[in-house]
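Below is one structure, written out as structure tokens; the observations come after it.
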Amino acid sequence: METREDLRSILPYLPLVMRSSSPFWPSQALETLRELGSARVNSGHHFFVAISKLRTPSTSHGYALFFDEVMSREESRKWFQEVLPALGNLLLRLPSLLETHYQNPNPNIMAVDGEEDMLTTALRLLDSQQPGIVFLSQELIAALLACSLFCLFPVNERYLNHLPAINFDELFASLYDDYSRKQENKIWCIVHYFQRISSEMPMGVVSFERKVLPFENDSIHISYPDANFWSKSDIPLCKFEVHSSGLIEDQSSGAVEVDFANKYLGGGALGRGCVQEEIRFMVSPELIAGMLFLPAMADNEAIEIVGVERFSSYTGYASSFRFSGDYMDEREVDTLGRRKTRIAAIDALCSPGMRQYRAKFLLREINKAFCGFLNQCKYQPYKKILQENGCSSALFDAATSTSMESSEGKNPNHIIKNSQKNYHWMDQGNNIGVATGNWGCGAFGGDPEVKAIIQWLAASQALRPFIAYYTFGLEALQNLDKVAHWISSQRWTVGDLWNMLIEYSTSRLEGETNVGFLQWLLPSVYGHGAGMDL
């Protein structure tokens with residue numbers, strides 16, 4: 001195993017050592033884990049003392065406060081007598097879980113024609129500008145998250161390699177340092193997850209994919225589009241559905257759910273953050289596993305995660321966030337063992353101010369969304385683009401996405417080889433839309449009208465059949481449905497609407513208008529004039 005390049009890339013970030021080509025716990029860690037698995041630890045203070053033997057967390061007070069004071073006596077008794085021992089024993093099995101994982105990362109994935117080669121899907125560092133996918137069993141994810149709870153992951157190299165923090169010590173420390181109800185309830189979500197998996201281990205699969213639009217044309221993948229690409233696009237606009245109420249994660253259409261991400265996956269999930277991305281990570285903690293091996297996203301990158309299970313219900317947002325009990329996830333499972341929950345993490349410009357109206361930054365945002373929404377799949381518009389760039393018809397058949405979407409009745413296991421012997425997935429799921437909302441607005445400070453149009457353009461260009469837009473009651477978007485309906489009635493293309501957005505943004509920069517895009521485009525809806533004369 002130690003000769004495997006994928007294992008070598010992630011090993012410095014794991015709390016294990018290699019002996020005789022197999023992963024092992026260091027002897028001191030093994031002793032402590034056996035202690036934790038034996039139900040001899042019976043308080044938050046003793047829990048902290050035990051994990052301090054493995055690595056020194058930032059504070060003991062947070063663990064003691066939550067498990068000894070916030071928890072009721074009965075909840076604490078059950079945690080230390082049932083849940084914690086189960087987690088300790090799960091961690092004792094981590095080396096064997098990893099060994100099994102590397103021997104057969106995903107037995108459902110086979111090359112065509114019975115070839116012995118396997119698509120590289122094993123746990124590894126998915127570094128920036130390296131598109132690829134990792135498949136993890138929910139059981140292995142549970143063991144990795146137990147490492148986070150016990151603060152076992154090495155920390156020295158993570159920041160230097162643009163990886164977010166992965167241990168839970170800061171999550172607990174911030175509860176003590178600056179107590180808040182929302183922080184307590186974030187921890188309750190995590191604790192509830194461990195309570196669930198310790199009583200019944202889920203046996204599904206989750207995939208984590210780094211998606212890249214190469215800056216350089218490689219004749220295989222769709223490269224990073226320039227302004228001319230968007231200006232001349234003749235792709236029709238997709239259906240635009242506006243929802244003034246409801247939540248993205250509650251949609252039932254199977255659409256790709258947009259994570260309003262930080263460039264560091266998870267954002268402040270393991271700190272004090274508690275907005276859209278952080279809440280999603282709390283109610284579906286398996287998302288946190290991606291923080292272990294996915295460094296920060298560059299401007300031409302997105303991350304797609306498929307298959308996570310939701311474990312918690314909640315109410316509120318930010319300071320009003322509250323854990324409200326168990327959630328039974330009834331999403332269907334695909335042929336690869338993943339729940340049909342698809343999440344696209346895309347990071348918007350932070351505090352962009354007036355620069356968000358410059359063409360350079362509009363291009364950055366639309367390409368970021370396009371990367372998140374796109375499957376580099378077998379669609380005619382992209383076949384033409386690839387052929388114009390010197391890609392033969394045979395090579396185009398290999399220019400497919402590593403995205404793992406599949407539709408009911410389709411075969412998602414069709415893998416083909418391109419001329420460089422690389423494997424890619426043939427995505428045949430063409431009925432999957434996008435569910436999103438005020439991406440890059442709120443705390444990030446973006447213009448919600450511009451961001452809504454950018455996402456519509458990106459979803460249309462990515463050949464998504466629809467975009468379901470959740471406004472969360474934002475006043476600036478109260479006329480979005482009317483304007484979107486009018487735009488659709490004009491049968492504009494992506495290029496038409498992009499050029500309108502550029503014209504508007506130029507007017508904003510030059511001080512010729514200070515109204516929002518929707519009013520500028522269709523003033524009649526706002527009671528100002530007769531609207532555009534087309």
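Easy rule for this one: first residue shown is 1, then count along the chain.
Here the Cβ of each residue, glycine as well, is placed from N, Cα and C on the backbone.
TrEMBL entries are annotated by machine, without manual review.
These features come from TrEMBL:
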- Asp259: active site (ACT_SITE)
- Glu277: active site (ACT_SITE)
- Glu278: active site (ACT_SITE)
- Asn262, Gln276, Tyr317: substrate binding site (BINDING)
- 71-210: domain 'PARG helical' (DOMAIN)
- 228-479: domain 'PARG catalytic Macro' (DOMAIN)
Just to be sure I understand the packing, how many Cβ atoms besides its own are within 10 Å of the Cβ of Asp259 (active site)?
28
Give me the Cα-Cα distance between Glu277 (active site) and Tyr317 (substrate binding site), rounded to a whole Å.
11
Under the DSSP assignment, what numbers of helix, strand and coil residues are found in the domain 'PARG helical' (71-210)?
73 helix, 12 strand, 55 coil
Please report how many Å separate the Cα atom of Glu278 (active site) from that of Asp259 (active site), as a whole number.
9
Measure the Cβ-based neighbour count of Glu278 (active site), defined as the other Cβ atoms within 10 Å of its Cβ.
21
List, in sequence order, the same-chain residues at least six positions removed whose CB sits under 8 Å from that of Tyr317 (substrate binding site)?
Cys274, Val275, Ile279
Greatest inter-residue Cα distance in Å for the substrate-binding set Asn262, Gln276, Tyr317:
17
What average pLDDT is reported by the model for the domain 'PARG catalytic Macro' (228-479)?
84
Looking only at C-alpha atoms, tell me how far Asp259 (active site) is from Gln276 (substrate binding site), rounded to the nearest Å.
7
